[in-house]
Amino acid sequence: MMKKVFFTTLLLLLCAFVTIQGMPTSKRQRCLCRGKDLPSVQIHRIAEAEFHRPSASCDREELIVTLKPKGRKKCLNVNLEQGRIIKEAIMKKKK
Amino acid sequence: MGNNMDHDYYKQNLDSKEISDFFGNISSGYFNYSDLNDYNESEMCCPVPPCKFYTIQAFEKTFLPFFYALIFVVGLCGNGMVIAVLLRAKETLPGTDVFIFNLAFADSLLVATLPFWAVQAVHSWVFGDFLCKVIGGIFKINFYSSIFFLVCISFDRYLSIVYVIRMYNRSNSCWILCISLAIWVLCVLLTVPDFVYLKKEYDSRQNTSSCSLNLASSWKNNLRIFNQVVAFFLPLLAMAYCYTHIICTLRRSKGFQKQKALRVILAVVAVFFLCWTPYHLVMLIDTLIYFEILERNCEWESKVDIAETVTTSLGFFHCCLNPLLYAFVGIKFRNRFLELLEKLGCVNHRFLKKHTHLSSRRKDSTWSESTEASYTGL
């Protein structure tokens with residue numbers, strides 16, 4: 001009887017620990033972009049564009065443009081035409 | 001999702017000239033400029049600027065090395081002493097002591113990995129892929145086993161006090177060893193995914209490398225509420241169940257040290273609760289944010305990040321308190337510790353006599369051998 005209880009407890013714990021997240025190694029989900037991304041911006045206002053691939057801290061692709069003249073940063077939708085083209089340009093530059 | 005792309009390809013910038021060059025190369029038939037230029041920033045509904053990670057990174061850089069160093073030193077000393085004392089025991093260790101030994105071992109290995117995480121917070125993960133797997137694995141194994149052994153100790157006390165089953169007679173001591181071994185094997189098995197998926201990864205968003213699990217996070221996040229319930233509430237429930245029954249039994253019994261035993265039990269449960277509840281509350285808030293029940297907002301999230309860092313450290317601090325709560329409260333253990341100190345020449349014989357005297361007098365009291373044995377763990 002006692003052994004039965006003991007092993008049931010162990011089994012329950014087993015289930016618990018399969019799913020637990022270890023802290024320093026599992027990153028928080030923290031994407032840079034919140035809310036709605038811009039569908040597009042005026043090309044001549046882009047000072048810089050940076051592309052972020054999905055990583056441990058965010059499972060989306062993100063494209064951030066720095067706008068002239070104030071240097072404000074905005075998120076650009078990667079899935080729309082302009083964003084996609086900039087992303088491809090960035091990838092091409094790498095090659 | 002880009003796993004087959006090469007690795008140094010995480011961040012890439014284009015400056016304005018390159019962009020205008022690039023768009024200049026595209027024929028106007030393919031890309032309709034006039035449509036795009038119609039958009040004006042002010043017309044867009046509330047475009048939120050991207051978040052910055054400076055606050056949390058700066059905070060971790062100052063807080064983590066200090067606090068982790070503290071836990072490292074205190075935890076290693078305390079648990080080291082427990083291991084040293086229990087290793088010197090000549091007779092076969094009773095069940096609880098075997099679990100306490102394993103707990104101390106797990107805790108000291110866990111705190112031994114903390115300096116690595118502190119360095120990661122200050123610089124980045126500078127130790128390479130292999131050490132990432134090893135240190136991450138050691139951390140996870142001992143994180144699991146530490147809580148496992150806590151539950152084992154409470155269950156062992158439950159059996160020995162409520163049911164007066166002597167867990168430490170000859171046939172049972174073999175059982176105890178088997179259970180301990182089984183727990184270690186289990187923890188290693190549970191860590192196999194970590195060994196496979198832990199990797200040094202450069203994160204362009206935070207501009208730093210870290211040792212992290214490379215798993216698609218979407219399915220993992222859906223299990224989060226479930227995780228929290230079973231990882232925290234189940235051990236807490238098991239402990240609460242065992243100790244409530246122990247308290248009931250103790251209240252009925254007439255014992256010399258009853259009050260002390262009750263205090264110790266309350267301390268054990270309260271400390272576990274106090275150390276881990278803040279972390280799980282923060283995780284709950286984080287989960288609510290993830291499911292967008294709470295608003296997503298950079299400033300708010302960075303506060304949650306800071307809270308998570310602090311409460312995680314508090315959880316690790318539990319490792320330092322275990323030796324006090326489980327080993328040093330026992331008279332037998334303290335006596336053994338003093339004997340060890342005398343052997344090492346840290347204290348003189350008179351000091352030893354003076355302080356071990358107390359317990360020998362207790363032995364003459366109304367306590368029977370078996371009751372005392374059950375209570376010494378407390």
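If you go along the chain as it appears here, the first residue is 1 and each next one adds 1.
Glycine too: its Cβ is placed from the backbone N, Cα and C atoms.
Where the annotation comes from TrEMBL, it is an automatic prediction and has not been curated.
Taken from TrEMBL as is:
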{"type": "TRANSMEM", "residues": "B:66-87", "note": "transmembrane segment"}
{"type": "DOMAIN", "residues": "B:78-326", "note": "domain 'G-protein coupled receptors family 1 profile'"}
{"type": "TRANSMEM", "residues": "B:99-123", "note": "transmembrane segment"}
{"type": "TRANSMEM", "residues": "B:143-165", "note": "transmembrane segment"}
{"type": "TRANSMEM", "residues": "B:174-192", "note": "transmembrane segment"}
{"type": "TRANSMEM", "residues": "B:225-243", "note": "transmembrane segment"}
{"type": "TRANSMEM", "residues": "B:264-290", "note": "transmembrane segment"}
{"type": "TRANSMEM", "residues": "B:310-329", "note": "transmembrane segment"}
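Across B:66-87, B:143-165, B:174-192, B:264-290, B:310-329, stretch B:66-87 shows the highest tally of CB pairs under 8 A with the transmembrane segment (B:99-123). Over the domain 'G-protein coupled receptors family 1 profile' (B:78-326) the predicted model carries a mean pLDDT of 82. Sequence-distant contacts of the transmembrane segment (B:310-329), counting only residues of its own chain at least 6 positions beyond either end whose CB sits under 8 Å from a CB of the stretch, comprise 63-64, 67-68, 71, 74-75, 78-79, 81-82, 85-86, 100, 103-104, 107, 110-111, 114, 146, 150, 153, 264, 267-268, 271-272, 275-276, 278-279, 281-282, 337, 377-378.
Only residues 6 or more beyond the boundaries of the transmembrane segment (B:143-165), in the same chain, are considered here, and those with a CB under 8 A from a CB of the stretch are 95-96, 99-100, 102-103, 106-107, 110, 176, 179-180, 183-184, 186-187, 190-191, 235, 238-239, 241-243, 245-246, 249-250, 268, 272, 319, 322, 326, 370, 373-375, 377-378.
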